[in-house]
Amino acid sequence: MDIHEYQAKDLLKKFGVNVPRGGIAYSPEQAVYRAQELSGERVVVKAQIHSGARGKVGGVKICSTDDEIAEAATWMLGRKLVTHQTGPQGKLVGRLYIEEATDIAQELYLGFVMDRTEERVVVVASAQGGMEIEDISANEPGSIIRSVVDPAVGMQAFQAREIAFQLGLEPGLIPQAVKQITGAYRAMDEMDAAMLEINPLVVTKSGEIVALDAKLSFDANALFRHPEISELRDKSQEDPRETYAEDRGLNYIGLEGHIGCIVNGAGLAMATLDMIKMSGGEPANFLDVGGGASPERVLMSFKAVLNDPKVEAILVNIFAGINRCDWIAEGVVRAVKELNLTMPLVVRLSGTNVDEGRKVLAESGLDITTTETLAEAAEQVVAAWKATGNPSTTAEAAQ
Ligand code: GDP
Ligand code: MN
């Protein structure tokens, strides 16, 4: 789960990380009012969306007068900002952060990521901050510092000091930098964050180290330990397909293809996506119906999959252990009837009550293709989808 910049800064502050003063605004009038509360000469108006690279698309504006603030706020609020991180549909600006402006002497990059190979948090830092980490690795690969944290002892002062020296900071700045780096690590660790990116971490002209931007993502599986963080969720920033499914307890991830998938078990779902790709198709989603799925739950899964207008064919793949194939089949039949499904549908059932399940499908008289194996199912659904000749098929094939 992602949160907004102002929320991340608020949390980081509790761990001793320096952040500029600021306030949230939902209207141009409120933006001006917030700026007056800060009483600096200049403020920065910042669009709050779950994406970086806002600066490049007008989502970060330094303003000196009330008119400029109101104008920037009017332009940003209600606008969909499209960055390279949002996808083409963009993200809606519903709130602004009004922050005192900082005089920047140097922009640094400081990131913390969970490295799955190392099985540890890795600190990534660079003296070439401001640009995206992808651009730093492309343009200034030599500037990237990597430091692995031992979870048994956490980020030690000597390790943070080493990073600060490698960043080329003046000796006078090192103690401050150590405080920022160790504080940021503690925030990541204690809040079960999956990723923390401070870009830029700046050195100000008056010699202070300040986190000017902050991006914080949480491991959804650990949120039950942090109810106050769960509260920060902003559904307007999420993929609506995922929100619909998640609110109904379905494990769903939206993808870019045209073949909708309804599967039980995360492992089988991954295998199903692979098989669809190997058969020349592209999956539209990952959906795990879970164990013991009732016909209603199967119907709900069809609705979740059909929420995506890109879906042009559906593959149901169930290897029933705790599940019952007859319940799944009943759900499939109900879905086809109640949702007036006309697109190709391939069902592969295996395991508990498979004969009863197949019987339900056969006796329904509906146009449902059934197969014995996953390989056949994947091939058939891709072939049936291609045979529909839908415009998206031909448009993408031509690219
Ligand atoms: P992002 O584009 O979404 O990553 O938003 P950031 O908060 O990182 O802002 C983008 C860029 O705007 C920063 O890298 C800075 O160069 C600039 N910027 C942001 N806040 C300030 C500020 O207070 N003072 C100055 N001088 N520049 C700022
Ligand atoms: Mn940034």
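Glycine too: its Cβ is placed from the backbone N, Cα and C atoms.
Please treat TrEMBL annotations as automatic predictions, because they have not gone through curation.
According to TrEMBL, the feature domain 'ATP-grasp' maps to 9-229.
Under DSSP, Glu107 (ATP binding site) is assigned to a strand (E or B) in the three-state scheme. The annotation ATP binding site is assigned in TrEMBL to Lys46, Glu99, Thr102, Glu107.
What TrEMBL lists as Mg(2+) binding site is Asn199, Asp213. Summarising the environment of Asp213 (Mg(2+) binding site), the number of other Cβ atoms within 10 Å of its Cβ, over all protein chains shown, is 22. Taken residue by residue with DSSP, Asp213 (Mg(2+) binding site) is part of neither helix nor strand, so it is coil.
What TrEMBL lists as substrate binding site is Asn264. The Cβ of Asn264 (substrate binding site) lies under 8 Å from the Cβ of Asp288, Val289, Gly290, Gly291, Ala293, Asn317, Ile318, Phe319, Ala320, Asn323, each of these being in the same chain and 6 or more residues away along the sequence.
Glu99 (ATP binding site) and Asp213 (Mg(2+) binding site) have their C-alpha atoms 11 Å apart, to the nearest angstrom.
The Cβ centroid of Lys46, Glu99, Thr102, Glu107 marks the ATP site; residues of that chain outside this set whose Cβ lies within 8 Å of it are Pro20, Val44, Val60, Ala101, Ile104, Pro200, Val202, Val210, Leu212, Asp213, given in sequence order. Same-chain residues at least 6 positions away in sequence with a Cβ under 8 Å from that of Lys46 (ATP binding site) are, in sequence order, Glu5, Arg54, Gly59, Val60, Leu96, Tyr97, Ile98, Glu99.
Proximity to ligand 2 at the level of Cβ atoms, with a cut-off under 6 angstroms, picks out Asn199, Asp213 from the binding-site residues Lys46, Asn199, Asp213.
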